[in-house]
Each structure stands twice: as structure tokens, then as C-alpha cells.
Amino acid sequence: RRQLRPSEAGAASSPSHNRDTSENHQKSGHGGTQPTNHTKKPFPVLSFDYKHVKQPFEIFLWVLLASLMKLGFHMMPRLSSIVPESCLLIVVGLLVGGIISLVGEKPPVLDSHVFFLYLLPPIILDAGYFLPIRPFTENIGTILIFAVVGTLWNAFFIGGVLYGVCQIEGTNLHTVTLLPCLLFGSIISAVDPVAVLAVFEEIHINELLHILVFGESLLNDAVTVVLYHLFEEYAGVGTVTVIDVFLGIVSFLVVSLGGVMVGAIYGVLAAFTSRFTAHARVIEPLFVFVYSYMAYLSAEVFHLSGIMALIACGAIMRPYVEANISHKSHTTIKYFLKMSSSVSETLIFIFLGVSTVAGSHRWNWTFVVVTIILCMVARVLGVIGLTHVINKFRIVKLTTKDQFIIAYGGLRGAIAFSLGFLLDSNRFPMRDMFLTAIITVIFFTVFVQGMTIRPLVDLLAVKKKQETKRSINEEIHTQFLDHLLTGIEDICGHYGHHHWKDKLNRFNKKYVKKCLIVGERSKEPQLIAFYHKMEMKQAIELVESGGGVKLPSAMPSTVSMQNIQPKKTPSERALPQISKSREEEIRKILRTNLQKTRQRLQSYNRHTLMADPYEDGWNEILIKKKKMIEFEKRISQMNNYLTVPAPPPDSPTIARARLASDPQAWSIKPAADAGTIPSIKVDLASPQTPDSVSMVDEFGKPASRVPREPEDEEEGLMMRPPLGEKGEKEEQEEGKEQQRLLRCLSDPGPAVAEEEEDEPFLP
């Protein structure tokens, strides 16, 4: 036999060895005298390991604290009517930070990476997804001027004046140079969207002022990012050349337009993906959140404007995504975005208070006071100067009250604090002084301006937002005015924003909707889509109101929910039930005939308008041809209903007075024996003044009639001489009898109504 190796021998003998050792343990456990070194530990029933769950536990503890503070704030309506929510949350943060410091622990600081990567995106996505597109696009010029020119003015004015103040003797600020002052000015000059949202939504300011201030706070991010990186680089280099300035301008265009492009790409991808989620409704909201966050991160990778990427992504994908996803998914997206943005906003203001206690500060009275004064002065001067220029191009002018609210609503917030926190203390020794001044400005704008803006709005009687829901009547009239203004622009030859808006709508309807919206909803007019949305809202409100209404399982969407009564008596008439085929037929008719877009025609100008001599003749020929086709169709339809041939009239039928330009053809020929009745032909030199009158035999026999061309037959005004009293009565009775007979023997329609309206020129 083959000898076993030591390892194999050990492995082979291990079962018996284990069995022997277990027997020894059992013997020792049952009173055996053999000593053993092994001691058995009791099973841990309860243990404590906080380090294992420290990070997520603290995160959700902060979220719970923020939510409880928000809940308690809204349970005290008297306090919430005086103090804004953001102020109360900052005070809570100060108290929590003070308690943590008294315990001996170090309070957490609002980290810039946490702020920009986790807390800011939900707020901006909520603002971009539910952005009011119409007010935003109608005021985009004013918003861009305030966001770009106004932010540049504030940055250079604050930075330049601060540098001058720092050079004054006795301020102890001689070490602060020009580039750090400009860097500080670029950080503190931008209006913060988080603070604006927190304050302006509580005072319910009107839609125009809200979109101007909030739109400025969203779009000035590109200017702030570019100026921040430029001055940070220039401060390290020390010298600035003309090429650097030119590259800075190019960088602004790249950052802003690049962020918009990245957001648009992800928005289109999200809309296209939603086409295929009909069989997996559960993951529909996930695509909206993931694509939006990917747009933000992709923009931040290239140092583009992540805020503008989120706004573009949310605004572009919303109309197409909502057309594809289910109503439950829409509700999930809406409430999740509102919840996440509210929690993030609450955490930001609480951490601002905590960071104030935890951070290292360097107080300089001169620098802090001058910064607060310069922020207010630069804001007021910028708004007044820019509004003076803007009002020259606006139809609805910005009044003095509007300018005051825009200037007073320039709030600073956590974005400025996070940008200042990102500064390197080795390259910028004055970083702590900058952070102290930034926190002071934030507290001043949030507490002083935020608490006093509501009484000032009431005192100045500024128009507030109307809390009314949009009706289908308003939507119809709004679209009617849009088409009317677009037509006026086409006629005048002036291509304004209505013209380009119509161009964009045509392109969207013809190409984009077919690619991004699935099913028949891609062809659905905007008015019907709005009607369906209103109908769904009314149905949900009706059910949530608890009126005891039991909605039918297959209620046709064409029946308005307003017609459903909570309690129906048997005497009332029941709603008509429409079959599926009839409903589909009605939908098809509405899609094909409702809101037909106008055809592009030649634009006319009153200075270049010239009469075309052939235009009237050509139009007349086309109208005659159309009338003949309609007449032939009418004759073919009448053949199906005539059962008894109508007898020939005994007297001349009713003849209609007509001008030469009237294109309607004669429908009833005169009787054969009416040739003895003369007629009068009036040749018109103009439609008002006849020049000559000649007697002709209009109803003459064919043998004695002089042949004439069709043009001569249509010219002139045909009149008949008056008849006697007896002949007049006979003619009227025979004419009525003839019309009654034709009405009985033929299909009544529009043509019969037209013939009945024909009356003789002379009685």
C-alpha cells in the first residue's frame, strides 16, 4: 500500500480525533477530572455597536429633526405669519450648534461637497420641473439682463469699492489685494434661489415679480461659477492679460450654453425612455430622478453650470414624460420632488445656523459693515438702471413698486457660503474674514429683508398671486390671442416672439411629439390635452372631497366631471352613455378639425402693397369652379330623394338682383314663356354710380337672343320693371307654391336655404 502523507493522515484521523475530543469535553462537563483551558462564553443577547451605524443614523436624525421643526412651525400660524420659516430654521440651527458645543463635541459644518452634490439638486430639480414655462419665456429677456448684466455690475462694483476701502489707513486690510476683493464680490453678488423660494412662496407675490426674481436667481449661476473660477485662477497667477479676459467671456458662454445643452440631451433621453414604460409603471418615476441627477453630475464633471442643466432637463422632459406615464407615477414624481426639496431646504438653513457656531471666524467691523452697505447700494442702483433700459422695450412696464420689490428681494443664501467655504486658506489667508462677512450678509438679508418684505408688500398694496385654477375658457381665449397676435405679426411683416413661438410649436407638433410621445396622444391638440388634465383633477378632487360619489368604472373621458351630481334624484335625466366607437369617432373629428394651424402666406406691408390685376379674376374663376362642383354634388344627392318630377313653373321664377362681381351662378332657369318681360341692364362704372341704362331682352327666346360671352352675361345689375298689384300677388303665390313643392320633394339642406333667401331686387 501507498504510505499516507502527514497531511493526509491528519485529515483521515480528524473525525476520530474530533469525536474523542468531544467525548472528553462531555466527560469534563459531567464531572470529569481532566483539566481543560477552553472557557465557553455566553451568547450575547444584547450588544452596542454605534460606530457601525453612525453615519446613516446621524443623517436620518438630522432629517427627522428638520421635519419636526417644519411641522411645529406650521402648527403655530401666528408665528409663521410674522417670522419666515427660513429665519426660524436658522435659529434652530444656532441652538442645536450651541448645545453640541456646550456638551463638548464639535458641531458639524455644512460641507460644500455635501451641499452641491446632495442638498442643492433636489431644490433646483423641483424648481425646473414645475417651472411656469409661459411667464418664464415671455420675460426671458428681462430675466437674462438682470441675471447677467446685473450680476456683473454687482460683482465689479462691490469688489472695486471694497478694494478702495481696504486701502484706507486704519482698517488693517492692507494685505487684501484687488483680485481677492473681486473674488469676494463675485461670491456675494449672486441672488440665492433657495432663499428666494423660501421667502417669496410665503408672501404669495404676483407671478411677474416672482418669475423675475426667481428666474434671475436660477440663471445667474453661470455668471457666478465663471467669475468664481476666473478670479480664483487669476489670484493664483497674479497677472491678467487681454487674452485672459477674452477667454473669460468665452468661458461664460461655454458654461451657460453647455449646461443647457447637457440638460436638454438628458431631458430628451428621459422623454424617449418613457415611451417604453407602459408595462413597467413602477420604475417610471425612477427615470425622471436618475436622468435629472445624471444631467447635474455630467455638467459638474466639466465645470459647467449644473443648475442650468437641471432646469433645462426638467423643463424639457416634463410635457413629454407626463404624456407617457400613468397618473400614479405623476403623483409620485410630484410629491417626491416636493418632499425632497422641502427637506433639503430645511437642512440647509439648519446647517447654516450650526456652521455659524462651529466655524472659525475673523471679525472686522469695517469689512462687514461696508459689505452689507455695498450689497444694498449695488442692488438698488443696478435694478433702477437696468429697469430704465428694459422699460423701453417692454409692453408691460415695471413700476416703481415692482422695482422696489425686485431690489429688496435680492436675498443671499447658502450658495455664497458654500463657495466661500471652498476657498483654500493657504492661497487666501483672508478666508475666515470672507466667511464671517458672507454669514453676516446672509443673516441680514434673511432676517431683516425676509421679515420686513411681507409688511412692505401689504403697505405698498403690491398685487399678489391669484389662487384660482385655470379654466378651459381661459385656455381657449389664451390660444386664440396667441394665434391672433401671430397673424398680426405675419401681416405686418414683423417677426416677433409670437412668430418664433409658432415656428417652435409647429416643429414640436410635426417632429418632436411623434418621436417622444407614444400612441394617439402625439396627435392630440393642446386644448384637448388641457381638457383631459382638468377633467382628471376635477375627478380626483371630487373623490377626495368625500361627497359619497361612486364613479363608474368606464366613464367616457368626453363627459365632463362637472356634470356628475353627488345625489341624483330619479326625476333627473341620466347622463348619455357613449359607445367606444362613437367616442373614437368624436376624438378623430376633434383631432383633425380642431386648432388647424394656419398656412404660411406671403407677408404684406402697407408700404409695398400693390394691386394684382389678375388676382380678382383668378379668385373668381376658382370660386365659380368650386360652386359648380358643389352644385353637381347637390344634384347627384337630390336624385336619390326625388320621387315625382316637379312640373315646370307657369310664371317666371324669382330672379335675384346681383352685381357683376357676384360669383353665384343661376340655379333656376326662367320659364320659356317669360320672354315678353323686359329687363333693365345697368352698366356700372363703379359699384356706386351707374353711368348708363339700357333696355335689353334678358329672357328672350334662344332663337332671337344675341349670343354673348360668359363674361358679358355676368356683368351688370339685372332689374325687372314693377308688375301690377294683381300680377304681384299671383307671382308671390306661385313662387311660394313652387318653393313648397321643391322643399317636399327634395332633401332640405344649405343649398335650399340659400335659394330661399334670394329675393327680387324690385317688388
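Each residue's number is its place along the chain shown, starting with 1.
Glycine is treated like the rest: Cβ placed from N, Cα and C.
If you look up TrEMBL, you'll see 1-39 (among others) marked as region 'Disordered'.
Residues or ranges marked as compositional bias 'Basic and acidic residues' in TrEMBL: 17-26 (among others).
If you look up TrEMBL, you'll see 83-103 (among others) marked as transmembrane segment.
Residues or ranges marked as transmembrane segment in TrEMBL: 115-131 (among others).
The annotation transmembrane segment is assigned in TrEMBL to 143-165 (among others).
Feature annotation from TrEMBL assigns transmembrane segment to 177-199 (among others). Outside the transmembrane segment (177-199), and at least 6 residues removed from its termini, the chain residues within Cβ reach (under 8 Å) are 84-86, 120, 123-124, 127, 151, 154-160, 162-163, 166, 213-214, 216-218, 220-221, 223-224, 227-228, 231-232, 234-235, 238, 240, 307, 345, 348-349, 371, 375, 378, 409-416, 419-420, 428, 430, 434, 437-438, 441-442, 445-446, 450, 453.
The feature transmembrane segment is assigned by TrEMBL to 211-231 (among others).
Per TrEMBL, transmembrane segment is recorded for 243-266 (among others). Long-range neighbours of the transmembrane segment (243-266) within the same chain, counting only residues 6 or more positions beyond its ends whose Cβ lies under 8 Å from a Cβ of the stretch, are 219, 222-223, 225-226, 229-230, 234, 291-292, 294-295, 298-299, 302-314, 316-317.
The feature transmembrane segment is assigned by TrEMBL to 342-359 (among others).
Positions annotated as transmembrane segment by TrEMBL: 365-391 (among others).
Summarising the annotation, TrEMBL assigns transmembrane segment to 403-422 (among others).
The transmembrane segment feature in TrEMBL is assigned to 434-457 (among others).
Sequence annotations record features per position, and here TrEMBL assigns domain 'Sodium/hydrogen exchanger regulatory region' to 554-656.
Residues or ranges marked as region 'Disordered' by TrEMBL: 686-763 (among others).
Taken from TrEMBL, the feature compositional bias 'Basic and acidic residues' covers 723-740 (among others).
Feature annotation from TrEMBL assigns compositional bias 'Acidic residues' to 753-763.
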Ask   = Which range out of 83-103, 143-165, 342-359, 434-457 gives the transmembrane segment (365-391) the most CB pairs under 8 Å?
value = 143-165
Ask   = Based on Cβ pairs under 8 Å, which of the stretches 143-165, 403-422, 434-457 lies most in contact with the transmembrane segment (115-131)?
value = 403-422
Query = What is the pLDDT of the domain 'Sodium/hydrogen exchanger regulatory region' (554-656) when averaged and given as a whole number?
reply = 58
Note = The recorded stretch from 83-103, 143-165, 342-359, 403-422, 434-457 sharing the largest number of CB pairs under 8 A with the transmembrane segment (211-231) is 143-165
Task = State, in range form, which of 83-103, 143-165, 342-359 has the highest count of Cβ pairs under 8 Å to the transmembrane segment (434-457).
result = 83-103
Intrachain residues whose Cβ lies under 8 Å of the transmembrane segment (342-359), provided they are six or more past its termini = 62-63, 65-67, 69-70, 86, 89-98, 100-101, 106-110, 115, 118-120, 122-123, 194, 197-198, 413-414, 417, 432, 435, 439, 442-443
